[in-house]
Structure formats: structure tokens, C-alpha cells
Amino acid sequence: MSYNLLKGKRGIIFGALDENSIAWKTAERVHEEGGEFVLTNAPIALRMGQINELAKKTNSEIIPADATNMEDLENLVEKATEILGGKLDFVLHSIGMSVNVRKGKHYTDQNYDWTHKGWDISAVSFHKTMNVLYNKDAMNEWGSIVALTYMAAQRVFPDYNDMADNKAYLESIARSFGYFFGRDKKVRVNTISQSPTPTTAGKGVKGFDGFISYADKMSPLGNATAIDCANYTISLFSDLTKRVTLQNLYNDGGFSNVGVSDAVIEAFEEE
Ligand code: NAI
């Protein structure tokens, strides 16, 4: 269902890799709600080509940018404002990658070059993106910036590895940069803490299948899907949430406030 919530709004969407990506679903929903945007991803991800399909479907252009590279980000923001014909109203940061996870390095024995790379991609890239948006004065007043995170920033999920630390850092950046963005530009900055979701990044976490079912059984409303996340993001991009800022917002079916559920207790009683 469409409510025209983003009519006349312009933005940038990072991180649509394939149709499972949370950013992909968000781009589709933003388009349905009347928003216009530029799609971006790392050059290597663009080579896989699937994003062209999304661009066509949503009448949007694609600008490659490695989100750890300031020059790429500057070029992205300059071109995006040119293409869209004005300053931006929304930005989605939907980027995450841990080399230690990818290469099977245990949390207790990391390769610190990989740790550094994953931190730069998953956390510092959000600071760099906001740096460029802020210093180029590229956001309209009452604009909205959202990044995606996971509850391993607050609680232990052993196989989430160094991504847990990256997410804690990301959430802190949202608050710290969000203060200045709010004070100086009237722009809000929030993170959405999403349920486990079957995407390329999600499925890369060891034991994902067992874990996603566990989270589902623990959550009174069940796991939030990628579309649920897209819808929540739409609400944060819309004018209905103008003074929500510096928040880490859970979109997780209630998981984060549950100690144990009947379904999980039953699973143990059956043993
Ligand atoms: P995904 O794998 O579809 O998206 C991750 C994106 O990051 C990809 O498009 C990838 O190309 C991009 N990326 C990696 N390195 C980059 C770089 N240097 N520059 C620019 N882009 C780069 O997976 P998903 O799940 O849609 O991930 C989106 C966000 O949601 C991530 O921040 C992830 O941590 C977060 N999240 C995912 C959950 C899950 O279970 N899937 C749960 C909670 C949060």
C-alpha cells in the first residue's frame, strides 16, 4: 500500500546488492511512496550487475562509491544533488562486512588488518558519509539519515564476531554526529536495529539458520522481515517523525525485551 509519504523527497540509498538486500526492498518502497533517489554501492558489488534491474524499476541512476573512500563519497554527493536537482531529504546507510567473519577467523584470534577493514566499511563509512553531507551542506532541513544495525551491539551473540564491535561504534557515531546534524542543520540521524534477515550479509554469520529460528521463536511478533525494515525506514524518512533523532530503534518483533518465550521453554522441555 502506498501513502505518498515521500512525494517530492530526494535521497541516496547505499547497499542494494540483490533482491534480498534490505536496501533493495527499501528502494522499492521509497519509489512506491513517491521518493526519488540515486542508488550506490561499491564498484565491485556493481559488477555483479543485479542493481541495474532495480535502477530500471525505480527510474533511478547508479553512482559507484566505495563508502570508505572520501573522494568517491564527495563525487557521489555532488552528482546525486545534480541528478536529483537539489539538496537531499533522506539517506540510507545499509552497509556491513567483516573480513574476519568471511574468512572464518574467530573473535578471540582476529587478523587486525581485517578487523580494521571491517570497521572502516561497517562503521567509519557512516561517519565519512555524514562528514561529506554535512560539510557540503547537502541535506535539506528536516532531512533524515538512517543506518542499519544489530542488537549484538548491546548483548553477546558469539558468532557475530567483530561485527558486534562495529555495530556498537556505528550506533555511537549516529548519536555523536546526529547531535551536530540536528543542532546545525535540523537533520535527524537514527539507527534501526533489525531482526536477523536472510540476506548475503546475514547468511554470512555462522549458525544463521538456527539463530534466525531461535529469534523468531523468542519474538512475540516474530522476526521483522526486510520489508518490515523498509517500511520502518519510510516512516523515519517521512515528515511524520520530524523530531525523532539520536535513537537506536528496535525493529525486531519484541525480541530485545524478552527474557524467554513459551516456545523456547517448550523446546527445552521436549528434550
Ligand atoms: P547485503 O549483503 O545485501 O548488504 C550489504 C551491502 O554492503 C552490500 O550491498 C555490499 O555491497 C555493501 N558494501 C560492502 N562493502 C562496501 C563498501 N566498501 N562500500 C559500499 N558498500 C559496501 O545485506 P543486508 O543484510 O541487506 O545488510 C544491510 C545492513 O543491514 C548492514 O548494515 C547489516 O549489518 C544490517 N543488518 C543486517 C541484518 C541481517 O540479519 N541481514 C540484521 C541487522 C542489521
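Every residue gets a Cβ built from N, Cα and C, even glycine.
Not measured: the values here are computed from a predicted model.
Listed in sequence order, PHE157, TYR160, MET163, ALA164, LYS167, SER193, GLN194, PRO196 are the same-chain residues at least 6 apart in sequence whose CB falls under 8 Å from the CB of TYR150 (active site, proton acceptor). DSSP assigns TYR150 (active site, proton acceptor) to coil, not to a helix or a strand. Residues or ranges marked as active site, proton acceptor in TrEMBL: TYR150 (among others).
The annotation active site, proton acceptor is assigned in TrEMBL to TYR160 (among others).
LYS167 (NAD(+) binding site) falls within a helical segment according to DSSP. Marked as NAD(+) binding site by TrEMBL: GLY15, SER21, ILE22, ILE95, LYS167.
Classification of GLY15 (NAD(+) binding site) by DSSP places it in coil, neither helical nor stranded.
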